[in-house]
Structures are given as structure tokens and as C-alpha cells.
């Protein structure tokens with residue numbers, strides 16, 4: 001295993017992350033949420049009755065602070081892990097989601113939803129327009145990645161989650177991660193963007209345009225009105241074949257196929273259905289099936305001679321059985337429109353981001369090359385954002401984020417487990433000044449349900465702390481002035497210190513809360529044993 005950049009040590013992974021081997025989450029079920037009222041789009045148009053398909057793995061803790069949102073790629077869906085009843089194959093990111101895996105469902109509640117515009121349960125062009133009673137087709141309004149994120153936000157709010165512990169995704173899923181932190185910075189603590197870009201390039205737009213033209217030039221597309229009729233399978237299959245080439249690398253194609261020829265005498269030419277949206281074991285078995293029939297004879301006609309041809313043909317054909325052609329048009333268009341630069345500056349575009357970032361590239365990815373991930377990190381760090389860059393060394397190309405279990409798991413675990421005080425502290429807190437009365441402080445504690453009140457000076461600097469126990473003693477001793485009961489030798493922490501340090505101080509001094517201060521001794525938050533337990537109570 002090799003990982004470049006960052007401060008992580010791959011060789012130490014066994015020491016850092018020992019324990020049980022990851023297991024499947026088991027049987028899961030899909031759920032569907034209907035957004036009430038109308039849903040506004042970036043284009044200015046609206047949709048009614050928007051539905052969002054989603055799956056949830058693991059349980060939310062008491063204050064719902066352990067939720068991780070997974071964003072899927074172009075043709076993925078909400079089924080990221082586990083098995084549906086009767087299925088033999090698990091979700092598309094099974095390698096990292098489940099008990100004792102990187103996204104540990106014993107610790108986190110993991111949610112994945114199908115994007116707006118998709119065809120796997122969420123509202124898209126194949127859905128029924130409530131105004132006409134017919135399929136939307138191309139009357140469905142053009143959407144953007146921002147629209148997708150806005151729909152996800154509606155779901156997250158519906159579930160009662162105020163802040164996501166993390167948002168993660170690869171490829172177009174990575175675009176959604178970036179958009180989340182730009183649109184809703186206060187709602188995301190940690191962001192994991194894998195094999196993605198902050199601004200779609202001309203080459204990437206070109207591949208999308210060719211794929212769309214393959215679909216719209218298919219006579220059976222019929223202007224997008226093919227529902228209940230024969231689908232534009234030829235165009236959709238060709239679009240998928242074109243797209244899938246960009247997911248592989250030259251080295252991976254050489255290793256998988258070389259110039260091996262296909263035995264065309266067989267009644268069926270073996271092939272695979274493509275990797276995106278599939279788990280690693282399924283991908284491996286499909287590729288192996290290609291190698292089972294090899295010929296050294298050239299056909300001297302236009303039937304597929306080479307195994308790579310068979311692979312792409314069957315990949316395209318099988319894709320038409322699970323995906324809607326119009327959805328492909330809309331989603332690739334949304335990818336084309338994606339550009340987080342503001343006034344031509346990505347630094348300006350990221351100016352409001354506050355989440356801690358892990359940006360991962362893949363060494364052999366030529367669809368979203370490493371330099372694009374490096375540009376993201378540079379723009380983030382220019383804004384003072386804590387952003388870490390890592391590169392997965394792999395010959396699998398863009399698809400490596402679905403295949404490289406070892407490297408990916410190490411990076412994810414390392415990033416998620418590196419918890420600082422700033423990740424847990426409460427930035428909405430109440431304070432008092434030392435000239436306040438006991439009565440005022442007591443009423444404030446009762447009203448706001450808090451047991452600790454930091455005492456601050458006029459310029460916001462920490463002077464001490466008062467607890468509910470101090471108030472109780474003051475009442476018993478008939479003390480009226482707050483200044484008489486303040487603890488002045490108060491323990492505190494800084495926001496960039498590890499949460500383990502805060503926890504050890506609490507344990508050593510038998511206290512349940514610590515003020516968080518900045519370099520000028522001004523209070524900026526408070527961390528409590530309750531908040532630590534709420535997020536990490538299941539960790540051991």
C-alpha cells in the first residue's frame with residue numbers, strides 16, 4: 001500500500017487501526033421522503049412533490065451529531081452498502097461502509113440518497129409530472145449540482161440533523177461534497193472529496209457532450225418521449241461505453257485485456273457491465289469472466305475481436321437495463337455546469353468554507369487528474385481552511401475510489417478519527433460577568449438548561465467559571481454576589497487541541513465542561529463531557 005503526501009504513515013496503519021475485520025451491514029431497505037411544497041431550482045424554475053430516495057446505516061446518537069452523508073457518483077444510487085432482500089450483491093461502496101469499516105456503522109449513522117434528476121427513486125425526468133400525469137421527459141427542468149445538494153439538505157433537515165459530522169463522495173459525489181461546504185458551511189464539520197474537480201474542464205465537458213449526442217441522435221430517443229415505448233438503448237449504451245473509457249487507465253486496460261482476443265465462435269460473448277455503482281468483488285468476477293474465452297484467431301470482419309471490445313459492448317448493453325437515458329442527459333449537463341470559482345477565482349469561491357477537508361486524488365486518474373485536487377487544496381488553504389491532500393497510488397484509474405479498499409480505508413479512518421476540540425465544542429454558549437447576581441445566573445442556567453457559565457470580562461476574556469453546584473452552595477450559604485463563588489483557576493483548552501486532551505483534563509480534575517479560548521484568552525466555545533460522549537460514546 002502506498003499513499004503520498006500528508007502526514008500519515010501507511011506503515012503504522014496496523015497499530016492505529018487494529019480490531020475486528022469489517023463486516024456487512026446486512027439487509028437494508030430504501031426509504032423515500034417527499035419534500036413539502038414547491039422546490040426552487042437554481043434556474044429559477046420550480047418542482048412540486050419532489051421525492052428523495054435514501055438509505056440509512058447505523059443509528060443516530062442522542063443529539064444526531066454522528067451523521068455522515070455519502071454522495072454518489074454519476075450513475076450511482078442510494079444503495080451504498082448492505083443487501084436488499086433477495087440480492088446476492090451488496091451496495092456500491094460496501095468496501096468502506098459497515099461495522100468496523102472506515103465509515104463504521106457502530107460509530108456513525110451513514111446516509112446515502114439518490115440525487116435529484118436520478119432514476120433510482122428520487123424525482124427525475126422519468127418521474128410522473130403531477131401537473132400532467134405523464135412522465136416529465138425533457139419537460140423536466142435542467143438541474144445543477146447545487147440543486148442536488150439543496151434537495152439533500154431538505155432530507156437532512158427532515159431527519160432532524162443540524163450539523164453533519166462529515167460529507168463524503170467520489171467523482172460527481174465529490175462535487176456535491178464541495179458544494180455542501182460552500183452552500184452550507186455551518187452544517188458540515190468534515191468534508192471528504194475524492195477524485196473530483198471544483199470546475200469542470202473543457203475535456204470533461206467534451207466527453208459529456210459526446211455521450212449526450214449519442215443518446216439524442218438515437219431515433220428511439222424521440223425527443224425524450226420514449227416512456228412506454230422502445231428505449232434509446234443503442235445511444236445510451238454508446239454513451240456509457242464512451243464514459244467508461246474515462247474511468248479506466250491505460251495501465252489498467254493493458255493489465256486486464258492487453259491484446260487478448262475474444263472467442264467469437266461462442267454463442268455469447270462474455271463481458272462486464274462496468275464498475276461505477278458496483279462493489280469490488282463483483283467487478284473482479286466480471287473481469288475474470290472475460291478471460292475464460294480466448295482465441296488467437298482473427299475474424300477478419302467487424303465482429304468484436306478483442307476482449308476490451310467485448311467488455312465495452314456488454315458494459316453498454318447492461319447499463320441500458322438499469323439507467324434512464326434522459327437522466328443521463330440531465331446529470332451530465334449538471335456536471336458540465338459545475339464551477340465553484342467566483343469571479344474567476346476558486347480562492348474567492350471557497351471564501352466561506354469552514355469544514356476540515358480531506359482531498360484524495362488517484363495517481364492514474366486522467367478524467368479528474370491529481371492537479372485538480374491539488375488546486376482545490378491550494379484554494380482551501382489560501383482561505384485558512386484545514387485541508388489535507390492525499391494521493392492513492394493505483395493503476396485502476398478513476399475507478400480506484402471504488403476498488404482500492406486498503407489505501408482508501410486507511411485514509412478515511414485516519415481523517416475521521418483525528419478529532420479536535422473544534423469538532424465537538426459548542427459555539428453557541430451563555431456567559432455572565434462577575435458583577436451579576438446569583439439569582440440572575442441561577443435563572444439563566446435553568447432557562448437555558450446549562451450547568452456551566454463562563455465568566456468573562458468586558459472584552460470577552462475568560463475570567464472564571466460558575467457551575468450549578470456553585471450556585472447550590474451559594475444559596476445554602478446565603479451568598480448573593482456571583483463574584484464570591486467564581487472559580488478563577490479555571491481549566492481551559494484551545495480549539496486546535498485533540499479532543500483526547502480535553503477529555504483527560506476533565507477526568508483528572510473531575511469536571512464536566514471546559515471553556516475553549518483563543519490565543520488572546522477570549523472564550524470562543526465550550527466543550528462538555530456530554531457532547532464528547534454523545535459523539536463518541538459508542539467508540540470503544
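Note: Cβ is positioned from N, Cα and C throughout, glycine not excepted.
Taken from Swiss-Prot, the feature domain 'AB hydrolase-1' applies to 66-404.
The DSSP secondary structure for residue 171 (active site, nucleophile) is coil. The active site, nucleophile annotation in Swiss-Prot covers 171.
Per Swiss-Prot, the feature substrate binding site maps to 240, 399. Reduced to three states, the DSSP call for residue 240 (substrate binding site) is helix.
The region 'Disordered' feature in Swiss-Prot is assigned to 262-284.
The active site annotation in Swiss-Prot covers 365 (among others), and the record cites sequence analysis as its basis. Under the DSSP three-state reduction, residue 365 (active site) is assigned to coil, being neither helix nor strand. Here the Cβ of residue 365 (active site) has 28 other Cβ atoms within 10 Å, regardless of which shown protein chain they belong to.
Per Swiss-Prot, active site is recorded for 398 (among others). DSSP assigns residue 398 (active site) to a helix. Neighbour list (residue 398 (active site), Cβ cut-off 8 Å, at least 6 residues apart, same chain): 171, 195, 246, 247, 248, 249, 362, 365, 366, 367, 368.
Positions annotated as domain 'CBS 1' by Swiss-Prot: 425-484. Break the domain 'CBS 1' (425-484) down by DSSP state and the numbers are 23 helix, 16 strand, 21 coil.
Helix, strand and coil content of the domain 'CBS 2' (486-540), in residues and according to DSSP, is 19 helix, 16 strand, 20 coil. The domain 'CBS 2' annotation in Swiss-Prot covers 486-540, and the record cites sequence analysis as its basis.
Neighbour count (other Cβ atoms within 10 Å of the Cβ, all protein chains): 28 for residue 171 (active site, nucleophile).
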